[in-house]
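A.B. asks: Pasting the relevant annotations from Swiss-Prot:
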type: TRANSMEM; residues: 94-114; note: transmembrane segment
type: TRANSMEM; residues: 139-159; note: transmembrane segment
type: TRANSMEM; residues: 174-194; note: transmembrane segment
type: TRANSMEM; residues: 211-231; note: transmembrane segment
type: TRANSMEM; residues: 246-268; note: transmembrane segment
type: TRANSMEM; residues: 281-301; note: transmembrane segment
type: TRANSMEM; residues: 318-338; note: transmembrane segment
type: TRANSMEM; residues: 350-370; note: transmembrane segment
type: TRANSMEM; residues: 404-424; note: transmembrane segment
type: TRANSMEM; residues: 439-459; note: transmembrane segment
type: TRANSMEM; residues: 486-506; note: transmembrane segment
Amino acid sequence: MLRHILTAKNLLSNPIFKFPNCLPFLSTVCCICRQFVGENLCSFADSPSLFEMWFHFLQLRSALNISSALRQVVHGTRWHAKRKSYKVLFWREITPLAVPIFMENACVLLMGVLSTFLVSWLGKDAMAGVGLADSFNMVIMAFFAAIDLGTTVVVAFSLGKRDRRRARVATRQSLVIMTLFAVLLATLIHHFGEQIIDFVAGDATTEVKALALTYLELTVLSYPAAAITLIGSGALRGAGNTKIPLLINGSLNILNIIISGILIYGLFSWPGLGFVGAGLGLTISRYIGAVAILWVLAIGFNPALRISLKSYFKPLNFSIIWEVMGIGIPASVESVLFTSGRLLTQMFVAGMGTSVIAGNFIAFSIAALINLPGSALGSASTIITGRRLGVGQIAQAEIQLRHVFWLSTLGLTAIAWLTAPFAGVMASFYTQDPQVKHVVVILIWLNALFMPIWSASWVLPAGFKGARDARYAMWVSMLSMWGCRVVVGYVLGIMLGWGVVGVWMGMFADWAVRAVLFYWRMVTGRWLWKYPRPEPQKCEKKPVVSE
């Protein structure tokens with residue numbers, strides 16, 4: 001036995017037998033040694049053992065052939081040739097921006113989940129009322145976020161050109177205009193709140209409508225604070241400082257949970273305010289966050305964006321305002337129309353019963369958690385693209401957007417497919433109602449099935465907006481939202497009786513149309529139409545003079 005083992009060792013030490021070519025020999029030698037170690041209980045001539053050994057050898061060889069073929073395919077790709085530069089891009093450009101944004105969004109969503117937990121203990125009607133009111137609040141927040149995006153792009157572009165003054169003016173004027181607009185908007189919505197809830201709630205019960213109206217009237221008071229927090233955070237991100245928004249928004253959401261919990265359920269001998277405490281706690285925490293943003297800008301924590309309180313009363317510069325609005329208005333039209341269409345689909349769901357409303361709300365909350373890395377990469381792509389184009393690096397902007405897109409596609413698909421089997425477990429954190437959990441499980445599995453096209457639908461347009469190509473995204477969103485999500489969702493969900501599954505299939509049809517059109521835009525390079533590439537200089541041949 002020792003002689004055979006030493007022979008095998010000398011054979012494998014030969015430099016000819018390198019990985020993976022040595023593995024079939026190693027497998028054969030191990031099988032032979034196993035025959036001798038058994039104290040001759042099994043003869044080497046035993047035919048079943050020989051057949052089994054040969055079968056395993058063939059399996060190993062076929063697996064090695066497949067792995068070798070895959071390795072050759074990977075080595076022949078463009079990614080493998082530039083893998084070192086992509087690694088540098090990931091760690092130096094993407095990670096410092098995307099990770100704090102991811103943590104900030106995760107904190108916001110997780111605190112939203114905890115807020116839902118706080119309300120869920122008050123009953124299904126309370127949870128459905130919050131869901132209906134928040135579906136309208138999301139329309140307003142989407143508008144603020146779009147102006148925030150315009151501010152982010154202008155700040156990133158201006159600082160790319162080393163123009164700090166323009167970045168400060170853009171931030172200051174965006175804060176002033178959007179705060180005034182938020183006050184006006186809050187007044188109008190508070191006055192017409194009952195009509196808005198009747199329109200949004202559809203066939204919901206009277207109790208659900210009353211709770212939704214109460215929550216809406218309390219949360220509209222926080223609109224000015226939400227506008228200040230969103231736009232100030234966007235300006236800081238455009239300046240490359242993503243840690244301060246993370247700290248402020250994270251602290252804001254933790255305060256929201258603490259304050260709302262105390263106001264809902266009371267403290268010590270005080271019984272609390274019940275359902276009213278949920279909306280009041282959110283409003284108080286948002287104003288604390290707005291004060292923190294204004295303080296950070298006033299003390300100049302980021303030197304590029306030092307804005308004193310007196311400067312908010314200076315005259316407005318309309319040239320910079322129109323530059324911000326040139327990106328913000330198309331993006332806001334896109335966001336408002338998108339969220340309005342989403343609100344309309346919520347109305348389809350509102351007539352399907354309280355269990356379906358609650359299950360749909362929970363499924364959207366879980367899907368938002370799954371999409372967090374993609375949302376962070378989308379925000380990072382906006383900043384990276386704006387910076388690169390600000391210094392005239394057009395080719396780098398194109399390469400980096402492609403890299404972010406594929407990174408998001410592969411990462412989100414893996415996350416969605418790995419978390420889908422645990423949909424029931426995640427739903428149990430929200431509710432113990434079996435009907436609601438059944439709805440959540442079905443919707444999360446559908447979300448995982450269509451996740452490979454999500455990044456093309458959402459990450460790519462975020463990068464396009466960094467190149468100030470916002471109008472194309474606006475028209476595509478209008479077409480896909482109203483032509484697919486609303487129409488297909490109504491046909492499948494209401495007319496054909498598919499229920500909430502049909503409404504979600506309309507959403508996936510919206511994703512598919514957006515993915516095709518945005519991917520075509522990226523491949524053709526038309527999203528860089530505002531940045532013409534310099535034409536290569538032609539070398540003119542000098543005429544030969546004959547003597």
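Residue positions begin at 1 at the first shown residue.
Cβ from N, Cα, C; glycine included.
Small disclaimer: the values here were computed from a predicted structure and weren't measured.
Give me the local environment of each listed feature.
C.D. replies: Nonlocal intrachain contacts for the transmembrane segment (139-159), taken as residues 6+ away from its ends with a CB within less than 8 angstroms of a stretch CB, comprise 166-167, 170-171, 174, 178, 182, 185, 189, 223, 226-227, 230-231, 233-235, 237-240, 304-305, 320, 323-329, 331-336, 338-340, 343, 382-383, 386-387, 389-390, 465-466, 468.
For the transmembrane segment (211-231), the list of distant contacts is 125-126, 128-130, 132-134, 136-137, 140-141, 144-145, 147-148, 151, 171, 174-175, 178-179, 181-183, 185-186, 189-190, 193-194, 196-197, 200-201, 204, 248-249, 252, 275-276, 278-280, 282-283, 286-287, 289-290, 293-294: same-chain residues at least six beyond its ends, Cβ to Cβ under 8 Å.
Beyond the transmembrane segment (281-301), the same-chain residues lying 6 or more positions past its ends with a Cβ under 8 Å from any Cβ of the stretch are 115, 171, 218-219, 221-222, 224-226, 228-229, 232-233, 235-236, 241, 244, 248-249, 251-253, 255-256, 259-264, 307-309.
Away from its own ends, the transmembrane segment (350-370) comes close to residues 106, 109-110, 112-113, 116, 124-125, 127-128, 131-132, 200-205, 208, 412, 415-416, 419, 423, 426-427, 430-431, 433, 435-440, 443-444, 447, 451, 499-500, 503 of its chain (Cβ-Cβ under 8 Å, at least six residues beyond either end).
Sequence-remote contacts of a segment are chain residues at least 6 beyond its ends whose Cβ falls under 8 Å from one of its Cβ atoms, and for the transmembrane segment (439-459) they are 355-356, 358-360, 362-363, 366-367, 370-371, 374-375, 377-378, 381, 404-405, 408-409, 412-413, 416-417, 419-420, 423-424, 426-427, 430, 500-501, 504-505, 508, 510-512, 514-516, 518-519.
Outside the transmembrane segment (486-506), and at least 6 residues removed from its termini, the chain residues within Cβ reach (under 8 Å) are 341, 344-345, 348-349, 352, 356, 359-360, 439, 442-443, 446-447.
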A.B. asks: Go through the chain and flag residues at least 6 beyond the ends of the transmembrane segment (318-338) whose CB is under 8 A from any CB in it; none is fine as an answer.
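C.D. replies: Residues 139, 142-143, 145-151, 153-154, 166, 169-170, 173-174, 177, 465, 468, 470-471, 473-474, 477-478, 481-482 contact the transmembrane segment (318-338) from elsewhere in the chain.
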A.B. asks: How about long-range neighbours of the transmembrane segment (246-268): same chain, 6 or more residues beyond its ends, C-beta under 8 Å?
C.D. replies: 100-101, 103-104, 107-108, 110-112, 114-115, 118-119, 122, 229, 233, 274-278, 280-282, 284-286, 288-289, 292-293, 296
